[in-house]
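What TrEMBL says about this protein:
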BINDING   A:24, A:25, A:26, A:27, A:28, A:29, A:30, A:31, A:72, A:130, A:131, A:132, A:133  GTP binding site
BINDING   A:31, A:50  Mg(2+) binding site
REGION    A:183-203  region 'Disordered'
Ligand SMILES: Nc1nc2c(ncn2[C@@H]2O[C@H](COP(=O)(O)OP(=O)(O)OP(=O)(O)O)[C@@H](O)[C@H]2O)c(=O)[nH]1
Ligand SMILES: [Mg+2]
């Protein structure tokens, strides 16, 4: 077995399988986002607040995703960290119309970034500024600055606006994400920031 | 039997692949659950080991359990059916130990509503084990759907889980009654059975609703034999309730009787079992049930034979005639190849048989007693105990048999039951005493159970000094001091001291031995030896009585509390022993070891014995009162609760309001607690109190009404009174009326229709305060000595004619109950055929006045009684004599 094969096996990429953690406050739309990616047969017609977590599987561009859809209610947020260790990427969903709780989102994000299982790794993070269709929704640029995303220097991240009900913006996000995971483990991989705000500062 | 099986397995050469597994290494392996890609076969195997450990009684700490639990949650990503089902089991096992188990709620609700049929039922059961009350609302909808699901496994799982949930969330589960009803009409036998279980549970507290349910179903005829069995049990429960309406009884009985002709053996057996166990069964109803059991005794199916003979064994004492009818069939079972059946058959015959057959049957049993398990050996021992009471003359044969059994191998339960039996024989049959004690002495020479050795030594100390030759026991007892552990040595020292105090001839020898014990290596043993040695050295009989022969009579937990309180407030006054509440004397319970409580939702067909609690009534009452903010500050003034009496019903059953009165007696105060229940669903009661017309001399100090009494709730109102100054005026009758304000309300919500209400009253029975409420029983080990010592106290004597009493036993029982004093020397039991009898009673009146009573009874056209009272207070003596008159 060559070095490359070994690395590939090591990161569980032989069959292009990736495990992602989907987090964000309650009611931000995590379950709705994942429901969008599921095949027609598996789709739930009705979405209720998640209690604890749920595991969903779907495929995108030949990559098999195992997504852990965590509950965002305050009572369960402490439990996210049990699952940081063995994930290969994070999708962080934000309700862009929930201006009041943006500070809460920032606090939860800080906790996540400081956690030893996350801070030490170059995990790709996809931010979804969800519910873009709402009238009072903040733009993705505003969300990125509100959360202080430019502080994240050691991880590839990307933010895009989305509407989980129609699926708008989700393809763009997940395509970026898939690329990132493919790159992980390959020599010369570097943290790579993209997105409206990041691209402006990144050269 | 378990013991036998283990041995066999050893011989087979380690068939158990998990024999050598070890907790730490299994927990280490369980980390594999976190691997990025799950290997289902490997993980299933590891999970099996975890479950095996838990089932072997291995204890996981919270952290360990939580770690395994969260690792296990990651296995939800695998689609492997076997692994997933193992995960459900894992969740159930760990749910009570690990933290944050609700994390799997959504995953489980997804599985229980999903398409994979193999997941659904198991997911429901797992879900219920992790759900707490706060989460229930969230899953209610799914539960309701699952109850009526087409798939019987799903429906059954949901019904059974609902029963479990009802433990913590009874009110919520009650709302699922319509779903349960729908499931009940299922064609599946299990679903119908489980649905009936839930329907009954929901209605359980509403007697009328249960009666309606049962009478509807008994007419309808059920498809499921299991449901019929349950219905029989419910019917029995209704019949056993004392206050059942006369009309329903006969229909219920004839329903049970009709089940004797059911086409399923299971139902036939259940009905027969129910009939013979019912308290009110008469000979006429019994006959058909017994002939069913008789038939079963001779079938070729061992389980049926076993069930039948076991039932006959259980009722052998209550219905001997029914069992004698089966004697021939039972004789045939003596040689049954199934030893359990044979044991039960023999012991049943022993219980009912004639004196002449005892020897033959004992020989038969002796031939295989070594082959049966401890559990069945205990059955044999119990049969022997019953025989000894029945045929006192046979005690030497039986005692020999018992002592042979004592020498055999066996566990603590078995040995304890033998020792108990010997002790019972000694107590009931004076002739057997010396032989019995000799057997026990021999037994403790070689007894590996500390608790048992201690009990026997205590018994030797109590009974030995009263035998003809007390000296022979000293050697046995002193041997323990040389050979045993500290607990046994301590007990031996105490036992020797009893001989020293009661047998003047032996005093000198005992003192020499006690002096040696003062060199013991154990503190407790040395302390005891020093204590007894010092008291015995003083040669004062009254000291012997109070400090050696009589045990400490205060309640130990209360003593500890009082001493602690005393040390907190430094004071110059010495500690007053009289301020400590006395220990309640346990009434003598000989038969029926306490049964284990049945789990929620099960309905045992034989009524369970009342629970015996470790705390006294007084202690639990005190705890209750100190939790009431209005009373807590008063309690220090009142002092400890002297006595709490049994609750008395002040209303008939099935009335609009149910009121019970509990009397708490303090040294100078009486606190009446009125437990009130409102059974009207359209009324909310406010400001509920019992207004009293106290007897002369009593003063009401405080009343505490119930602010709000909603439908179907029991709350307590209180009334605090001061006893009359004159002790002799302290017995009396208080007129009582329940007074309250009614607000009409909507039965569905319990909310009042308007803010206006009207005042109303309701007559209840009088409250009676009698002597027994004001005395505490005291057990005197040496009543005669105490009586002698009390000779200089105040003595009153009077003679009474108890014309309504028909026997000495009846008179004795009534007097003991009426005076509330403790009989000594088992004098409450009148020997059969005697025409006179003497009762020795002892107790303490509130305020710490000792009372001793001697009642000489003689049979003469009713019973005549000469009552002599010695009390430390003349008023108390007068109160006792006047209470009887
Ligand atoms: N208008 C709008 N509504 C959305 C969008 N995404 C989700 N929702 C709605 O937001 C609500 C919450 O969505 P969920 O997917 O349950 O949110 P969640 O993040 O999974 O919430 P928790 O499981 O409680 O943590 C649902 O009523 C969705 O229909 C969106 O892009 N636009
Ligand atoms: Mg969700």
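The backbone N, Cα and C atoms fix where each Cβ goes, and this holds for glycine too.
Note that the structure is predicted; figures quoted are calculated from it, not measured.
For residue A:50 (Mg(2+) binding site), the spatially nearest entry among the binding-site residues A:24, A:26, A:133 is A:26, judged by CA separation.
Listed binding-site residues A:26, A:28, A:31, A:50, A:72, A:131 compared with chain B at a CB cut-off under 8 A give A:50 as the close ones. Cβ environment of residue A:26 (GTP binding site): A:49, A:71, A:72, A:73, A:74 lie under 8 Å away, each six or more residues apart in the same chain. When other Cβ atoms within 10 Å of the Cβ of residue A:28 (GTP binding site) are tallied across all protein chains shown, the result is 26. Each of the binding-site residues A:30, A:131 was scored by how many other Cβ atoms lie within 10 Å of its Cβ, and the smallest score goes to A:131.
Residues near residue A:24 (GTP binding site) in space but far in sequence (CB under 8 A, at least 6 apart, same chain), listed by position: A:30, A:72, A:92, A:93, A:94, A:95, A:105, A:128. Close contacts with ligand 2, defined as a Cβ under 6 Å from any of its atoms, occur at A:30, A:31, A:50 among the binding-site residues A:30, A:31, A:50, A:131, A:133. If you draw a 10 Å sphere around the CB of residue A:133 (GTP binding site), it holds 15 other CB atoms from the protein chains shown. Applying an 8 A CB threshold to same-chain residues 6+ apart, the list for residue A:31 (Mg(2+) binding site) reads A:47, A:50, A:54, A:69. Taking the Cβ of residue A:50 (Mg(2+) binding site) as centre and 10 Å as the limit, one finds 22 other Cβ atoms among all the protein chains shown.
All protein chains included, residue A:72 (GTP binding site) registers 24 other Cβ atoms within 10 Å of its own Cβ.
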